[in-house]
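The following features are taken from TrEMBL:
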DISULFID  CYS157-CYS190  disulfide bond
DISULFID  CYS158-CYS174  disulfide bond
TRANSMEM  25-48  transmembrane segment
TRANSMEM  60-88  transmembrane segment
TRANSMEM  94-119  transmembrane segment
TRANSMEM  237-262  transmembrane segment
Amino acid sequence: MAKRAGVPAGPLGDDFSFVSPVAKYMLFFFNLLFWMISMVMVAVGLYARLLKHAEAAMACLAVDPAILLIVVGVLTFLITFCGCVGSLRENICLLQVFSVCLTIIFLLQLAAGVLGFVFSDEARGKVSEIINGAIVHYRDDLDLQNLIDFGQKEFSCCGGVSYKDWSQNMYFNCTATNPSRERCSVPFSCCLHDADQAVINTMCGHGMQARGYLEASAFIHTNGCIDKLVNWTHSNLFLLGGIALGLALPQVVGIILARLLINQIRDQIKLQLYNQQHRADPWS
């Protein structure tokens, strides 16, 4: 009797399985964890978006972190759902969808990292475009406003290239026709703060754009956030590499487990077909 590819030379018992319970349930619980995380992400994003509709009718969709959270959460939910059900039901189709999606995401992240490194000038231009767009919509979105204030305080910077970039915002614009009380000002997050200062003066940036760099530097950070962000990135390459590895590692583990389980399920199907043929024709 000739030996077939992927199955033993003789029939095995019906209780024998090529599918490893360890690989099967590792992949299941791996996906279950990220499936639950994705539901939390969607719930938080929806709550933030609904709350924002109630408080800020002019919220900018293009730079809304809540929308980004919902989109990422829904994609993660769908992908991990395929992994959960596919591993539990030993469904090759769902496991292949899960494996292919993870592979595509991994390759896109790798390509984005390589392109960002190779085309650093273009990446810098894109970052500048994003920051300028965020400055324009600073007062339109509370989440965006808090994010910009946090960034300016953490990096000790103001604006994109310089503090005068805040003239792009309609409230901080320096034109004589601007009726805003914040005309020619900058946000309080640009200000130099004393560590012992208990109460923050939110009007500390009033009229700072009308002052020169040297004069304004006594009260606010005059350097832009783009250069500070680039310098921080160069100084923390090992940290960023560790974060990238931490994001990529679960994806690689998921791909390996999915491919392993797919091959085991295929071997199991071959074994079942072989045993059925052997019982039907014991002389084959």
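A Cβ is built for glycine as well, from the same backbone N, Cα and C atoms used for every other residue.
Shown here: features listed in TrEMBL, placed on the structure.
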residue : record         : contacts (Cβ under 8 Å, 6+ apart)
CYS157  : disulfide bond : GLY151, CYS190, HIS221, ASN223, GLY224, CYS225, ASP227, LYS228
CYS158  : disulfide bond : GLN152, TRP166, VAL186, PRO187, SER189, CYS190, ILE220, HIS221, THR222, ASN223, GLY224, CYS225
CYS174  : disulfide bond : SER167, ARG183, CYS184, GLN209, ALA210
Packing count at CYS190 (disulfide bond) (other Cβ atoms within 10 Å of its Cβ): 25
Per Cβ pairs under 8 Å, the stretch of 25-48, 94-119, 237-262 packing most closely against the transmembrane segment (60-88): 25-48
